[in-house]
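Under the heading transmembrane segment, TrEMBL lists 37-59, 66-87, 107-131, 143-163, 169-189, 196-215, 235-256, 304-326, 332-353.
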Amino acid sequence: MIISKGIVLLMALFLLAGGLDKIAGNRLGLGEEFENGFHALGPLALTMAGLTSLSPLLARWLSGGVGALAAKAGINPAMAPALLIPVDTGCYPLAHAMTSDGAAADFASLIVASMLGATVTFSVPVALSIIRKEDYGCMAMGTMAGLIALPAGCFVGGLMIGLPPGTVLWNLLPVLAFALILAAGLFLFPQKTIRFFVWFGRGVVAVITMALITACVQEVTGFVVVEGMAPLKDSFIILGNIAVMLAGAYPMMAWIRKRLLKPLKKAGGYLGVNETAMAGFLSTLANNVPMMAMVKDMDDRGKVLNFAFATCAAFTLGDHLGFCSAVAPDRILAMVCGKMAGGILAVAIASILPGMSPKKRVVRPSA
């Protein structure tokens, strides 16, 4: 709890520095990052607000289907939405609606959904809309390595939440199966799997947008279009807290990148990647979208390692930290340690994949 509060305090100090730098004319470059934190509120609202409003209905549907089957098998029913829905896009309230066990719900949402759900329905679809087609193979290879490492990161996070090891392992069975299926698909059928990710991501966006439209109509008119949806204000409170945290997280990451320029170059030499790839790792800790924009300037090995790292560690000190501090500040340390453990292991696994020698060009599957 002390470490969690320390992280939040550090964010607050950088928020203060960023705000003052904005007043001073962005002399240190922190003021712009301070603004970027609040600018992220719009895109976050477009996804979070709709799915958060829809979460009570999803909980009802999943409880009677996949959740019921999981419960019969002795598996936490909240694991079902965690496979597909990011923690900050509705999984947290959904998980808590599906089980009365607070620790189990936190494990499913703050740990599993912050890695697997965020990868499947956010990172992969967004990456495909940003990176060049010739980089799809590197993305697929890196994501595959990340998915292989993901259960280990979830295990660490579950232990730190306080769940018994046996309980964590048993509840991770769906994650292991799901991750292995996705990894196998990316390895054996990269073109079809990538196409599936694209269409699945588009489908999720369509559902979320329709839910947002419905919630907005109900909010403005007072008419109940769909019975059982949560009010928009529930998501706006969380969104506001996330934006405040990002206003501190972004200046902090900018400061770290500037101060660690030389160490980054040295570390890049050890990993066999260029400086842009090393900067990508740091950017990913706050938000992996800027990293995706940098992919075109990375060497092939750096691209693969960055996507591997992002599968587990994306948003650790950004969006997900902001969300966790808003809903469960006592779980911050567990979330950070779990995501970082998974990210580091993912990089290690990606480094030893076939064709990943620093002296060789990555063999990319055609996309």
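For all residues, glycine too, the Cβ spot is worked out from N, Cα and C.
Put simply, of 37-59, 143-163, 169-189, 304-326, 332-353, the stretch with the most CB pairs closer than 8 A to the transmembrane segment (66-87) is 169-189. Here the transmembrane segment (169-189) has long-range neighbours at 70, 74-76, 79-80, 82-83, 104, 107-108, 112, 116, 120, 140-141, 143-144, 147-148, 150-151, 154-155, 158, 163, 196, meaning same-chain residues at least 6 beyond its ends whose C-beta is under 8 angstroms from one of its own. With Cβ pairs under 8 Å as the measure, the transmembrane segment (196-215) is packed most heavily against 37-59, out of 37-59, 107-131, 235-256, 304-326.
Proximity of distant same-chain residues to the transmembrane segment (235-256), defined by a Cβ-Cβ separation under 8 Å and at least 6 residues beyond the stretch ends, is recorded for 8, 10-15, 17-19, 21, 29-30, 33-34, 36-38, 40-41, 44-45, 48-49, 52-53, 88, 282-283, 285-286, 317-319, 321-323, 325-327.
Sequence-distant neighbours of the transmembrane segment (304-326) (same chain, 6+ residues past either end, Cβ-Cβ under 8 Å): 4, 7-8, 11, 40, 44, 87-88, 92, 110, 114-115, 118-119, 123, 127, 138-139, 141-143, 145-147, 149-150, 153, 237-238, 241-246, 249-250, 252-253, 271, 273, 277, 280-281, 284-288, 291, 295, 298, 332, 335-336, 339-347, 349-351, 353, 356, 362.
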